[in-house]
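To start, the structure under review is shown below, and the notes come after it.
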Amino acid sequence: MNVTSLSFPYGESIQWFCADRTDKLPPSPLKEWLLAPGSLTKKLKTCCNQFEVKVLGEGQLAPFKDEYPQQGSVWVREVLLCLDNVPWVFARTLIPLSLLSEREADFLGLGSRPLGELLFSQDNFIPGRIEVASFDTGSRLAHLAASLDQRVEHLLWGRRRYFHHGQDEMIVSEIFLPAAERAICQ
């Protein structure tokens, strides 16, 4: 896997829209994956023998314009979710700095552990709304996919989900790479 042509952060500013605007969603079965209410990590694990999280980078950064409701820095974590050594999903998480000290979460010590397992195993993280976006073939994420030897021939689709913890809100974006879409839609 070669991701040296780009560097952290890989994400980009994009227009997200409410998932209930079904006229803009891709056809099934990818649509069902985008709108799945539970843990994407858990769903992905049912499709492989070996599940792995590859951390691309993490650190304190300013979010992209219109990416996060509050101004100022957040903790950004970008990973690839790989199934049987094939990257299926690019994930970008925005964590408010106030949550970094949350003892039960240990966001800074996650390493290669899946964030989804943490979020869906604790009652104090409440899943919120899902938004959906598409990324064209010239996007940074399409270039990332190409550097992973995955040709992007049409739009990449992704979702972002809000998680609430008290007064704090974190955002998890998950973009399906071409290998995932091929496997899901075959």
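Positions of Cβ are set from backbone N, Cα and C atoms, glycine also.
Per Swiss-Prot, the features are as follows:
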- R77, L115, E174: substrate binding site (BINDING)
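Close to E174 (substrate binding site) in the fold, though at least 6 residues off in sequence, lie L40, L81, V89, F90, A91, G158, R159, R160, R161, each with a CB less than 8 Å from its CB. The substrate site is set by R77, L115, E174; from the centre of their CB atoms, other residues of the chain with a CB within 8 Å are E78, V79, A91, R92, T93, P114, G116, V172, S173. A C-beta separation below 8 Å, combined with a sequence spacing of at least six in one chain, links R77 (substrate binding site) to V55, G57, E58, A91, R92, T93, I95, F107, L110, L115.
Once the Cα atoms of R77, L115, E174, the listed binders of substrate, are compared pairwise, the greatest separation found is 12 Å.
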